[in-house]
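The next block holds one structure in the form of structure tokens; read it before the comments.
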Amino acid sequence: MEENNNQSAPARKKRIFSGIQPTGTFTLGNYLGAVRNWVELQDEYDCVYSIVNMHAMTIRQEPKALRDNTISALALLMACGIDPEKSILFIQSHVRTHAELSWVLSCYTQFGELSRMTQFKDKSAKHPENINAGLFTYPVLMAADILLYQTDLVPVGIDQKQHLELARNIAQRFNGIYGNVFAIPDGYYPKLAAKVMSLSDPTKKMSKSDDNPKAYISILDKPETIVKKFKSAVTDSDAEVAYRQGKDGVNNLMAIYSVATGRDFSAIEAEFAGRGYGDFKLAVGEAVVEMLRPVRERYDQYMQDRAYLEACYTQGAQRALSVSYRTLEKVYKKIGFPADLFAPVRSF
Ligand code: AQP
């Protein structure tokens, strides 16, 4: 039979990569800024998601807590809706290509570039007792994470924009020397809640490692805790629910409420016109409780099935290694390393 040469191969789906650190239970910021979008992108894109425990080491971690948080992060991602069959879902330290490419890329990254990273400045100010080299080179490892998968799009919160720009610069520099080795990734930022702010200081990002638990909503917080934290959220003395410059606390709550209910800002302003902040904060708390309820329930189910979680991360690591190794092999060849003596079997 004659081959039909007119039939073109199906277009490759665009590739997505993103990661999250297992430094504690995810916050509402992690959920709205990143994970919620990861879930939505799964049908349209070829997605790769990682629990980036190697990044977490840049801040001192208690080993048992890190191990437990890593498994818990896997269950949390699945509870949020990441499907380990549809997407490649893996634990970073299981896939050796990340550390290896990171070393190579660090030789193509300038000290001055890393010195300008604001997250390094923020985190080293927060942990003056442990300003380690890993904290400084964190963005290079992140560039390796992304570039290994020939990533087109990186869905992250806006706080990661500077790191993503650096990853693009490193890729362009490398491609400029060796030809087209890496795809150049674009950032994908949510329109709303790209930066969820702390409930106790709305000029600061909501973070899972904040010392003050009232500052963040953990996605596993009990319903009554969530409502209580929103009730004590810092706002202002205007007593007007309106989205305006200078109203950081209210703006933050409005963005959260808007995502949780699907209502736009003018509808929210109309809903709470003439009513005090008490009603508004309660409504935000209740909407968030409802949004997170299914996540909490599914999380408990996954955590009871350790064998299933292990099977998921094992399969995820095999698939991630298989895809990422192709890029690493190409890089090694380009830079002049001899062929790998211990290449992984590529049958996954
Ligand atoms: N407050 C936030 N608003 C929107 N997006 C956020 N992200 C984090 N905080 C917010 C996004 O979540 C993804 C995973 O983040 P990460 O765990 O890798 O690191 P992070 O940005 O340092 O998050 P945390 O919660 O602040 O962790 P700690 O306290 O350990 O440093 C990223 O896409 C990030 O943009």
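The backbone N, Cα and C atoms fix where each Cβ goes, glycine too.
Source: prediction; values computed, not measured.
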Of VAL39, VAL196, residue recorded by TrEMBL at the ATP site of GLN21, PRO22, THR23, GLY29, ASN30, GLY157, ILE158, ASP159, LYS205, MET206, SER207, LYS208, SER209: VAL196
Spatial neighbour of ASP145 (L-tryptophan binding site) that is closest, considering only the binding-site residues GLN21, THR23, ASN30, ILE158, MET206 and their CA atoms: GLN21
Beyond the flanks of the motif ''KMSKS' region' (205-209) by 6 or more, those residues with Cβ under 8 Å of it: 23-30, 59, 159, 195-199, 215-218
Residues in the motif ''HIGH' region' (22-30) grouped by DSSP into helix, strand and remaining coil: 3 helix, 1 strand, 5 coil
Residue counts (helix, strand, coil, in that order) that DSSP gives for the motif ''KMSKS' region' (205-209): 0 helix, 1 strand, 4 coil
Whole-number mean of pLDDT values that fall within the motif ''KMSKS' region' (205-209): 89
Proximal but sequence-remote residues of the same chain as ILE158 (ATP binding site) (Cβ under 8 Å, at least 6 apart): GLY33, TYR189, ALA194, LYS195
